[in-house]
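Feature list (source: TrEMBL):
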| type | residues | note |
| --- | --- | --- |
| TRANSMEM | 33-50 | transmembrane segment |
| BINDING | Gly39, Ala41, Val42, Asn46, Ser306, Asn338, Leu403, Asp406, Ser407 | Na(+) binding site |
| TRANSMEM | 62-80 | transmembrane segment |
| TRANSMEM | 101-132 | transmembrane segment |
| DISULFID | Cys144-Cys152 | disulfide bond |
| TRANSMEM | 219-239 | transmembrane segment |
| TRANSMEM | 248-265 | transmembrane segment |
| TRANSMEM | 299-320 | transmembrane segment |
| TRANSMEM | 332-358 | transmembrane segment |
| TRANSMEM | 391-412 | transmembrane segment |
| TRANSMEM | 432-455 | transmembrane segment |
| TRANSMEM | 467-486 | transmembrane segment |
| TRANSMEM | 507-528 | transmembrane segment |
| TRANSMEM | 548-570 | transmembrane segment |
Amino acid sequence: MGMLSLLSNEKDAHIGVSDENLERGNWSNKGDYLLSMVGYAVGLGNVWRFPYLTYQNGGGAFLIPYTLMLALAGLPLFFMECSLGQFASLGPISIWRILPLFQGVGITMVIISTFVAIYYNVIIAYALYYLFASFQKVLPWSDCFSWADELCSKTRLVSDCNATFDGQTIHANYSFITSNNLTCINGTVNYKPVQFPSEQYWNKVALQRSSGLDETGNIVWYLALCLLLSWLIVGAALFKGIKSSGKVVYFTALFPYVILLILLVRGATLEGALDGIEYYIGRQSNITKLMEAEVWKDAATQIFYSLSVAWGGLVALSSYNKFHNNCYSDAILVCVTNCVTSVFAGFAIFSILGHMAFVSERPVSEVVDSGFDLAFVAYPEALSKLPVSPLWSFLFFFMLLLLGLDSQFATIETLTTTIQDIYPQVMKKLRLPITLGVCILLFLLGLICVSQAGIYWVNLIDHFCAGWGILIAAVLEIMGIVYIYGGNRFIEDIEMMIGKKSPWFWMWWRMCWFFVTPVLLMAILVWSLVTFSPPTYGSVVYPAWGTAVGWCMIIFCVIWIPIVAIVKVVKAEGNLCQRIVSCCRPTANWGPYLECHRGERYSHVVDPKKEKEHEIPTVRPEV
């Protein structure tokens, strides 16, 4: 029987003969895991959101709250989730055997990851479209071609100004000024409301953007094909689970650094590059900005979302580690790499934007924008002004593609890991069709995001789902583990994996887990709710029903937390107090996945391979 079992496992591409866990499989080596984690954490936000936030919040001064928030909020949560997944070798839903009352938190994480996977691949599709559009001698957004309207211009156009005429100061339109060989008085010039070619190309050609969420329009066929291609790439990379994705990330996680370095070297040699760097993190740094609460909130949220904590992905990826892997050093390495990448990307981005400001004779502040405008308007505009511009454009969008893909790999792996934990035998036999089925379903759901109103849907999902739901899940996760399961008990679990540590080693982590991190997360959550503003895209205001849909999405994500808690309490035995207490104890099958790792502390654990979770009583026997 043992030989038959081994042969069966060898047929499953997800399992290797050298794996410690022959039921779920393990990473082939440490490099696969670390690069997958780096790829998951380092994403599109590192390239477009962090540089903009740094400028907006005081330049170099912003690095002070950013570093503090990394140490006080990001790293403690990151280490906790990595340890949790590795200890029990379970995904984000099944891991809540540790605290059955809170299993809805895991469901919330998975649902939010699903929503994010839908729109994140649409952004990858945008990058693919621009990548293909770069294969032309002249970049299609480099000038005002046939698709442009009268507002399109590569330079600022003067509308009117004040000038001295016959000894008097007059105000006249620019055509009168030039026809009479007059000169505008400094500070009195008004410019026409023109748009760069790249801005009109983004809206009129790439997106075929409609007037608002009310006007859905048609599906943009070439974006739909790019979306299909992006899902095919994701499916192909994951067809063997971590055994295949772990190899793909050697390219998708490392090559963006090569491109960033190339772009930085090229940008640094351009005229005006220094102005861009100074604008980003130089002499314009404003230390007084640290007195504003908004700066600290931005630093905390950027760290929080950049490290991808509370999305379920860290638990899922870590669950394939071998039991005695040093998850502590892994957490430090990945977090530091993520933050250094953000800072490094800022230099590459702003050196070229500084050149763009120099060429167009505009201040850097007028060519910098956040989010989509930085990635698909300002930066492409700057690249179009460089010699051999198609090459630089190709490199930039290829980098965006790779940054997006490896984050997407981990997100989909989160979903398939969840399915594997619930239906392990089915997943073992049908991993490929299930993975492809997930990709096809999410592709179909994402078609609304490649309609003419698609960008409004992408922005709406991002505004709601990637916000409070994650914060709520994170607050409940850390408070449940630290205050109900027991922080000291969790530390003992970690020491079973990485070895006994001194009390001094744990002092920082205890301070963060027990007090600092929960307080910070609650402050961010409350602040976000208090300062809530309805979503907008540029100057386009969403209709009331659009905001209502956003709230419905976030309610759908978090409603499972109370629903599952109520179901667990109802199914428990005893009076109400006894039921709640029993649901706040780990299930009888909580502990290390393999019997050889359970030791005396978990010697009572029921073998999860022999007993289904729903058949196990929620009251854990006393040891």
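Every residue gets a Cβ built from N, Cα and C, even glycine.
Curation does not apply to TrEMBL; its annotations are automatic.
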Fewest other Cβ within 10 angstroms of its own Cβ, chosen from the binding-site residues Ser306, Ser407: Ser306
Stretch among 33-50, 299-320, 467-486 sharing the most Cβ pairs under 8 Å with the transmembrane segment (391-412): 33-50
Among Val42, Cys144, the most crowded of the recorded positions [Cβ within 10 Å]: Val42
Chain residues in Cβ proximity to the transmembrane segment (33-50) (below 8 Å; excluding those fewer than six residues from its ends, i.e. six or more beyond): 27, 123, 242, 245-246, 249-250, 252-254, 256, 302, 305-308, 313-314, 317-318, 320-321, 325, 330, 333-335, 337-338, 341-343, 345-346, 349, 370-372, 374-375, 399-400, 403-404, 406-407, 409-411
Cys152, Leu403 as recorded positions, winner by CB count within 10 A: Leu403
Distant-in-sequence neighbours of the transmembrane segment (548-570), which means Cβ under 8 A and at least six residues beyond its ends: 100-105, 107-108, 111-112, 115, 460-461, 463-465, 467-469, 472-473, 476, 535, 542, 576, 579-580, 583, 618
Long-range neighbours of the transmembrane segment (299-320), counting only residues six or more past its ends (CB under 8 A): 21, 24-27, 33, 36-37, 40-41, 43, 45-46, 49-50, 53, 57, 62, 65-66, 68-70, 73-74, 77-78, 81-86, 88-92, 95, 106, 109-110, 112-113, 116, 242, 327, 335, 338-339, 342, 407, 410-411, 413-414, 417-418, 466, 470-471, 473-474, 477, 520, 524, 528
Considering the transmembrane segment (432-455), which listed stretch of 62-80, 219-239, 332-358, 467-486, 507-528 counts the most C-beta pairs under 8 Å: 219-239
Distant-in-sequence neighbours of the transmembrane segment (219-239), which means Cβ under 8 A and at least six residues beyond its ends: 13, 121-122, 124-126, 128-129, 132, 206-208, 245, 248, 405, 408-409, 412-413, 416, 431-432, 435-436, 439-440, 442-443, 446-447, 449-452, 454
Sorted by sequence, non-Gly39, Ala41, Val42, Asn46, Ser306, Asn338, Leu403, Asp406, Ser407 residues with Cβ within 8 Å of centre, Na(+): Val38, Tyr40, Gly43, Gly45, Ala253, Ser308, Thr341
Distant-in-sequence Cβ neighbours of Gly39 (Na(+) binding site), under 8 Å, six or more positions away: Val249, Thr252, Ala253, Asp406, Ser407, Phe409, Ala410
Cα distance (Å, whole number) from Cys152 (disulfide bond) to Leu403 (Na(+) binding site): 31
CB contact flag for the transmembrane segment (101-132) and the transmembrane segment (467-486), at least three pairs under 8 A: yes
Nearest-integer angstrom distance between the alpha carbons (Cα) of Val42 (Na(+) binding site) and Cys152 (disulfide bond): 35
